[in-house]
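Reading through the structure tokens given below for one structure.
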Amino acid sequence: MPYAHITGWGKCIPPASISNDEISKIVDTTDEWITSRTGIKSRRVSHVSTAELATVAAKHAIACAGIDAKDIDLVILATCTPSTMVANTASLVQKNIGAVGAAAMDTNAACSGFLYALQAATAQIQAGMIKKAVVIAAERMTWYVNWSRRDSAVLFGDGAGAVVLEAADTPAGLLATKTGCDSTDRDILHIENFGSDLNKYEPIGPSNLLFEGREIFKRAVKGMSEACDDVLAQANLSLDDINVLVPHQANLRIIQAIQHRLKVPDEKVMVNIGQYGNTSAATIAIALCEAVEQGLIKPHSNIMSAAFGAGLTWAASYIKWGERVTPISVSDAQLPPCDKTGLELVAPAVKACKEAEPT
């Protein structure tokens, strides 16, 4: 059976940001309130589409792998903020990167999306159906934000990350995984005012990202920790064998609680939520790239990753890194210049959200 090695990695971080102090100009909050409850200090706001974020991240990953985009067999995009529903956003990314003829599909498992997509692409390689895939997670979560609601306005950001998978004979890549969904209480985390169930001929107003924070905290910590235990058992490993933990970056308190429950020391945990906020499916993809860039991931590292999202979806994965931690080549792909600040980018949405609030 072939294995699916990660041979390339890349990210796309929008240049415009909104700090906690700037958020306090929009909703009633403070830097101390946000930081103490979430660990977030800043978040990015994209001036371009989800497809453009995904394209730049994918181009960096492809260059890093040193392959020709025309040799890619599958483009899979994890997102809950697609640029278009029909046709899917992955098809536009496929066109943009020049992966001529490659299969292209979107997948939506909310914050668990990247690990779901990684599993799907890995399975196709292991089955001998394809040889090369690019797996992308890209989100414009600020598009969903109701800027009159403090609870969600402070949490989310935009960004994208990607990896290239290639068939190989030696054991590396995604070697064990556990995915699932507890739909019993799916309504504790959802977006209202969005989807084809709505009557589009009636005024809809801003979308609302609704969640029960305390309940989600408990379920996220329990679900991700238990999934990690299951994956370790699958792989016949102990926590001492794990070199790096790359958790979903939803909330620093959740990360610390999982870390405590699994007894993983600080130096083994990748954390970047402070500068990006929660980018949903993209958090793990971006964190994985930065863990390599920062030297946290080394050749042959054993990596554990876990996520929890709306649905309520969850996933945990054991990834064995390969030999290489440096790019074969570098892409010059970049976003077009942004001539606005983060606050200026969201100003029209802020105005609309506040006007829609009941008086």
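Cβ coordinates are placed from backbone N, Cα and C, and glycine is handled just like the others.
Note that the structure is a prediction, hence the values are computed from the model and not measured.
Of the given residue ranges 24-28, 194-198, 249-253, Swiss-Prot assigns the label region 'ACP-binding' to 249-253. For the region 'ACP-binding' (249-253), the list of distant contacts is 37-40, 111, 155, 217, 220, 271-274, 276-279, 283-284, 287, 308: same-chain residues at least six beyond its ends, Cβ to Cβ under 8 Å. Within 10 Å of the C-beta of HIS248 (active site) there are 29 other C-beta atoms, taking all protein chains into account. Looking at CYS111, ASN278, the active-site residues in this record, the fewest other C-beta atoms within 10 angstroms of the C-beta turn up around ASN278. Looking at CYS111 (active site) and HIS248 (active site), their Cα atoms lie 7 Å from each other. Taking the Cα atom of each, ASN278 (active site) and HIS248 (active site) are about 8 angstrom apart.
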